[in-house]
């Protein structure tokens, strides 16, 4: 599909009916479904798609376990009973876990996640979201035994790795599933709900660790691990009743099952039989547009044609979450106690930070429909950079109690800003950018990029904070990486707000620059010398995509 460029800011892209090779009658059905979806406002979608919202949110709750673990791993390095079990006695009478083992245990779940998410990319593509989720939940329940009964740091490492395998599945599966179950009006909210679950896990985990500070036994760190068994059984039962993604079913040729799955996402009676036919036709139409670009099917399509650009942007958008500096605040307890703050106050600030992540995500839900993904992402990176600058300056002066509380305040503000922008919007963006055929594998690659970035920073952070003596001044390092991410976002991240998956396909296939996505008009159902009546003629020109300039 040859790209066409233009200097007009009010361009229009048109896809001729013949380009998809579909019966014009089916194209007309797809157009009707698209128009109904575009006219569906937030409140109406919320009213009519309750079942789909419920199942999407319940499956995403699995991410609470990951957030819970992040809070635990970031908080225990300053807890006495944990250090007594897994550390080594020093000449000064204190127990210490070496920086190497801290980095290894901190990264174990990340390495496991890399393997798990790549396995999910394959499994979700070939077998669907539902069976993949069910198998992973059983594995998750079994993996929790290792950290609960770990007797040395090596077993703890193995436990974190095993749990990470299944968190990797949930990280990518839930985002792809939410984007395919929800209507366009709710797509950003349902995908960003993943961030709320992650924030809830952080907050609950931090609160549990705070509550166990004064338990004078090894249960002070074992109990939080044991509490993770609360989730697998109810989530497994819920997933048993969840509908499979209709996009997966249509791609596999199971259109009758897709009709039933679509019906189950909305309230009873919302979809008529004709509506269901139209929804299936819309999915088929979108998949056909993508086939015109790649010409073949398979996981390698992530790197073919316009999908290569989509994969690149999706991966680096996810990586920005790590390199913006926010994950560094997960070590706030260690940073603040090293700077001189007492353990109780450091844990209190840690809880406050994680609370900001939840509050910020809820606040940004109201702005998603007004300001767009790209604008919020850019503003968020600027605000995070300012917070890092403030932290770095305070870390460069004498560490008095007031300065320490100022650093803690900047950490809380950074988490609030992150939760109002980069945190939830990332999930919305990575759920919308990939092509429908390779959405799961592309999100898996993006999460792998995030995981690799996390492994790198996970190795760097303990060394920068402890061994190299930077402590709070580590904020200067992340200020630099945050600015690099800001520049990349400005030039490469397109606006996906109010765009159907088919429209995004057309925009990417025609290589529209990122900054022109919002103003380019798309007609993916353009009628070209024919009528919308059934026909068996399929000898069409598959390159029939026109780029029209309006002067």
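Every residue, even glycine, has its Cβ placed from backbone N, Cα and C.
Checking TrEMBL for transmembrane segment across the ranges 296-322, 404-430, 431-457 points to 404-430. Looking at 131-150, 251-270, 271-290, the range annotated in TrEMBL as transmembrane segment turns out to be 131-150. Residues 320, 324-326, 339, 403, 406-407, 410-411, 413-414, 417-418, 420-422, 425, 471-476, 478-479, 482-483, 485-486, 489-490 of the same chain, all 6+ positions outside the transmembrane segment (378-397), place their C-beta atoms under 8 angstroms from a C-beta of that stretch. Tertiary proximity for the transmembrane segment (347-366) is limited to same-chain residues at least six positions away from its ends with a CB under 8 Å from its CB atoms, namely 71, 74-75, 189, 192, 195-196, 198-200, 202-203, 205-207, 209-210, 213, 329, 332-333, 336, 341, 376, 408, 411-413, 415-421, 423-425. Remark: the transmembrane segment (131-150) contacts the transmembrane segment (229-250), by the rule of 3 or more CB pairs under 8 A. Mean model confidence of the domain 'Major facilitator superfamily (MFS) profile' (55-497) amounts to 86 (pLDDT, 0 to 100 scale).
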